[in-house]
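Please read the structure below before turning to the comments.
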Amino acid sequence: MSSKTASTNNIAQARRTVQQLRLEASIERIKVSKASADLMSYCEEHARSDPLLIGIPTSENPFKDKKTCIIL
């Protein structure tokens, strides 16, 4: 009886594997050289609005302390 259960589990696992492989095979792929060129182009186009590159104006920074420490 346990061999029948093991066989059923193996078949179910094999079906899941085949389904996953079919899904992965259907994904459209592009060359790394094209993907990296597209990524660099996107970064260059959006660099002017990137706060990590241009910084956040002090007046708009919500994390800046409003007051200085009086104890020091």
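Each Cβ is built from the backbone N, Cα and C atoms, and glycine gets one as well.
Since we're looking at a predicted model, the values are computed, not measured.
Swiss-Prot lists SER2 with the feature N-acetylserine, giving a large-scale study or a structure entry as the kind of evidence. DSSP assigns SER2 (N-acetylserine) to a helical segment in the three-state reduction.
Under the heading phosphoserine, Swiss-Prot lists SER26 (among others), citing similarity to another entry as support. Around SER26 (phosphoserine), no same-chain residue six or more apart in sequence has its CB under 8 Å from its CB.
On its own chain, TYR42 (phosphotyrosine) has no residue at least 6 apart in sequence with a Cβ closer than 8 Å to its own Cβ. What Swiss-Prot lists as phosphotyrosine is TYR42, and the listing cites similarity to another entry.
Swiss-Prot lists SER49 (among others) with the feature phosphoserine, giving a large-scale study or a structure entry as the kind of evidence. The Cβ of SER49 (phosphoserine) lies under 8 Å from no Cβ of any same-chain residue at least six residues away in sequence. According to DSSP, SER49 (phosphoserine) is assigned to a helical segment.
Taking Cβ-Cβ distances under 8 Å and a sequence gap of 6 or more within the same chain, CYS69 (cysteine methyl ester) has no neighbours at all. In the three-state DSSP scheme, CYS69 (cysteine methyl ester) is classed as coil. Sequence annotations record features per position, and here Swiss-Prot assigns cysteine methyl ester to CYS69 based on experimental evidence.
What Swiss-Prot lists as S-geranylgeranyl cysteine is CYS69, and the listing cites experimental evidence.
Remark: SER2 (N-acetylserine) has no non-local neighbours by Cβ distance under 8 Å and separation of at least 6 in sequence.
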